[in-house]
Amino acid sequence: MGLKKFLEDIEHHFEPGGKHEKWFALYEAAATLFYTPGLVTKRSSHVRDSVDLKRIMIMVWLAVFPAMFWGMYNVGHQSITALNHLYSGAELATVISGNWHYWLTEMLGGTLSTQAGWASMMLLGATYFLPIYATVFLVGGFWEVLFCMVRKHEVNEGFFVTSILFALIVPPTLPLWQAALGITFGVVVAKEIFGGTGRNFLNPALAGRAFLFFAYPAQISGDVVWTAADGFSGATALSQWAQGGNGALINKVTGEAITWMDAFVGNIPGSIGEVSTLALAIGAAFIVYMGIASWRIIAGVMVGMIAISTLFNVIGSDTNAMFNMPWHWHLVLGGFAFGMFFMATDPVSASFTNKGKWAYGILIGAMCVMIRVVNPAYPEGMMLAILFANLFAPLFDHIVIEKNIKRRLARYGK
């Protein structure tokens, strides 16, 4: 009760006419973080519900935690394994002293030797992920608050989700200044200039990643950015398949074949939060059960992916190994699972009619496979497929609504 009374006592200072009026957006953000606002909709139609936008966003934020924690562990695991493969003894000590992620891990009680356990791996992964997330949150939060102060409205909670999603779809070695640029583009260009939360037609996190991909491709693609080990170069499993098919899926450190279960669990290099389909499915099950994510979109993506990948399997190719990738491998490689569960289901940039959701999902699944298979320069396709489908989402809804109007007119007359 003490905190609530304190917030109520200072509220009048931030209301119109108060001495801190211009800082209302910051006060409202802090107050509603702990308590549900007492505001209600003044005009029809409205629905009373105990779950507001902030609670919905917090649930989505929590839903990505399994993928986030596994991603940090996997970054540490891949990096420590690669370091001990490349260096030993004095060489390893020299490498550790020259990389602040490494020596910070050891200073906090971790080890980068072959005896490293899960705690050391998690700790090393955290030294890569948390700075990226903090940078994205602070820079993106600055733009959110700035636009809210200019427009004189409350801070929208959607950024809690945008920030963590963006941090999870980039490589662990991404320079922090590029992370700041990417989230700036996503928040300002893809969302705020169109009116802010609820008015953007593109997914802000994906738009920010697309900006980095085209502006700074060397730091977000290739073979050297996925494993945070100095001097190590290794392609993602998706790139390996594109180069040589299933037989090319080899762990570069151990020399062992990468199995489907390795990819499903997430024991492969890749973007921080995209590697584990299992962890992503756990989080997705939660938001689908809570009614936040649409199962129709997820099912549509699967239908589109399975249909087109099967078609390419039937056609076959002696020169393009991606033609022969079966649907169950498309599911676990690259950013397909992350995009299907957490990006395609964005309620703002996706279709909102039930039939439109099916068409929207099918388009994403089909486009992803087509880009992966047909485009020789870009083996990943989920990011571009979702952004492409975002442009068609209003059209799908328009067609569904118009057909519904015509059907009702035909049934009941004009």
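Glycine is treated like the rest: Cβ placed from N, Cα and C.
The annotation FMN phosphoryl threonine is assigned in Swiss-Prot to T236. Around the Cβ of T236 (FMN phosphoryl threonine), 26 further Cβ atoms fall within 10 Å across all displayed protein chains. DSSP assigns T236 (FMN phosphoryl threonine) to coil in the three-state reduction, placing it in neither a helix nor a strand.
Taken from Swiss-Prot, the feature transmembrane segment applies to 56-76 (among others), supported by sequence analysis.
For 82-104 (among others), the entry in Swiss-Prot reads transmembrane segment, with the evidence type sequence analysis.
If you look up Swiss-Prot, you'll see 129-149 (among others) marked as transmembrane segment.
Residues or ranges marked as transmembrane segment by Swiss-Prot: 164-184 (among others).
Residues annotated as transmembrane segment in Swiss-Prot: 275-295 (among others). Residues 56, 59-60, 62-67, 69-71, 74, 263-269, 331-332, 337-338, 341-342, 345, 347, 350, 357 of the same chain lie 6 or more positions beyond the ends of the transmembrane segment (275-295) yet place their CB under 8 Å from a CB of it.
Residues or ranges marked as transmembrane segment in Swiss-Prot: 297-317 (among others).
Within the chain, the transmembrane segment (325-345) has long-range Cβ neighbours (under 8 A, six or more residues past its boundaries) at 60, 63-64, 67, 165, 168-169, 203, 205-206, 236-238, 241, 246, 260, 263-264, 270-271, 273-274, 277, 280-281, 283-284, 287, 292-294, 297-298, 301-302, 305-306, 309-310, 312-313, 360-361, 364-365, 368-369, 372-373, 379-383, 385-386, 389. Taken from Swiss-Prot, the feature transmembrane segment covers 325-345 (among others), and the record attributes it to sequence analysis.
Within its own chain, the transmembrane segment (358-378) is flanked in space by residues 238, 242, 296-309, 312, 320, 322-323, 325, 330, 334, 336, 339-340, 344, 350-351, 384-386, 388-389, 392-393, 396, which lie at least six positions past its ends and keep a Cβ under 8 Å from the stretch. Positions annotated as transmembrane segment by Swiss-Prot: 358-378 (among others).
Marked as transmembrane segment by Swiss-Prot on the basis of sequence analysis: 381-401 (among others). Listed as Cβ neighbours of the transmembrane segment (381-401) (distance under 8 Å, sequence separation of 6 or more from its ends, same chain) are residues 169, 201-203, 206-207, 209-210, 213, 334-336, 338-340, 343-344, 349-356, 359-360, 363-365, 367-372, 375.
For the transmembrane segment (56-76), same-chain residues at least 6 beyond its ends with a Cβ under 8 Å from one of its own Cβ atoms are 116, 118, 120-126, 128-129, 157-158, 160-161, 164-165, 168, 172, 228, 266-268, 271-276, 279-280, 282-284, 286-287, 290, 292, 338, 342. Within its own chain, the transmembrane segment (129-149) has Cβ neighbours under 8 Å at 22-23, 25-26, 29, 68, 71-72, 75, 155-156, 159, 162-164, 166-167, 170, 172, 174, 176, 179-180, 182-184, 186-188, 192, 196, 272, counting only residues six or more beyond its boundaries.
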